[in-house]
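Enquirer: Sharing the record's features from Swiss-Prot:
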| type | residues | note |
| --- | --- | --- |
| BINDING | LYS22, ASN23 | phosphoenolpyruvate binding site |
| BINDING | ARG93, LYS162, VAL163, SER164, VAL165, ASP307, ILE329 | UDP-N-acetyl-alpha-D-glucosamine binding site |
| ACT_SITE | CYS117 | active site, proton donor |
| MOD_RES | CYS117 | 2-(S-cysteinyl)pyruvic acid O-phosphothioketal |
Amino acid sequence: MEKFRVHGPFTLSGTVDISGAKNAALPILFAAVLATEPVTLTNVPDLKDVDTTFKILRKLGVVVERDESGAVQIDASKIDHYVAPYELVKTMRASIWALAPLVARFHEGQVSLPGGCTIGARPVDMHISGLEKMGALIELDEGYVKATSNGRLHGARIYMDKVSVGATLSVMMAATLAEGTTTIENAAREPEIVDTALFLNAMGAKISGAGTDTITIEGVERLTGCQHRIVADRIETGTFLVAAAVSGGKITCRGTKADTLEAVIEKLREAGMEVTVTEDTITLDSKGQRPKAVNIRTMPHPGFPTDMQAQFTLLNVVAEGTSRITETIFENRFMHIPELNRMGAKGEIEGNTAICHGVEKLKSAEVMATDLRASISLVLAGCIASGETIVDRIYHIDRGYEHIEDKLRGIGAKIERFSTKFEE
């Protein structure tokens, strides 16, 4: 089991090059299954979940190659297998995105019920119901979701009972090759959906309205090859901005877009931080000041992102004042608070709300990561705590942060990865 050892405290300052967004790269990689010709993707992050996606695609018969520059070539022209198996899918819930492209292009597909972070219920029902409305026949058999269709799927009006990024992406992918027009109402509006639509349109799809709550897709008979650059990771950007805020530092995030992170930037300014933006950079200068407590309520985009909640929990436990953080997207997403409390934080959980009473300093401790975003908040807590902090179960962090210890060392952190052979 790998762990991080962090020797704090220190100020985090410098420049960070932001990686491509995992939450765009994964659906785009699966969407490449729709194309009859090779596609080339750049700015694809080097992450465990991306590697898992490569393995799933190869199981389907897709040729996947990453060259020395980091560009990824995908050739799905000779797919000969239509099952995404349990041994790969169990580690990553995003695997459900394999289903829609398979049934849209080949009229059959099977995906094991997915795994991933354990942060509450993440049902695949909305993915399934969307495909059913487009004419797919769905069976649940021995832990697999099986989808078949008698010829091409057909266009449909699909209203999302709940705003869902995953289901919006599934329906949008399937609709590109459907006969007729599909309308998705109450669609998710995240930047990663916009990026996936740009990729699909580059292959010849006819999608309009991505980034609004109504997306219209006019089906085409086939999709062809293209080149596409994955959008910058807004969550990684926000994470490094928080790193500067909690450590009294100044960090510039390079190769990113402020318009994908407006709610986070607004809250950082409310916390007393100076944030300046250019076309492709965001800089946070704390001026050595302790942040002020800010209330947070997670919401679908363009609201405050749930994937920044854990980082702002850390900000609030070291801020001046008391704050309330309400989580409306996922259940069970405050598992980092007991771990932060081991480091001297004063956090309480009341249902879907956390109450944070700010303290001036944290102290080192041994803590355990419970999910992807919780893990980075604990690593950053170690950066500002006095002494040596050990963060266990860091495999979570490798799922979503590219070369994280190298990037942290580049802005002043003392962090090392080490392995333990035995677990009690």
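Numbers run from 1 along the shown chain.
Backbone N, Cα and C atoms are what each Cβ position is placed from, and that goes for glycine too.
Help me understand the surroundings of these features in the structure.
Expert: Following the DSSP three-state reduction, the secondary structure of ASN23 (phosphoenolpyruvate binding site) is helix. Listed in sequence order, VAL165, GLU190, GLU192, ASP233, ILE235, ASP307 are the same-chain residues six or more apart from ASN23 (phosphoenolpyruvate binding site) with CB atoms under 8 A from its CB.
Other C-beta atoms found within 10 angstroms of the C-beta of SER164 (UDP-N-acetyl-alpha-D-glucosamine binding site) number 21, with every protein chain shown included.
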Enquirer: Using a 10 Å radius around each Cβ and all protein chains in view, which of these binding-site residues has the most neighbours: LYS22, ARG93, LYS162?
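Expert: The most densely surrounded of these binding-site residues is LYS22.
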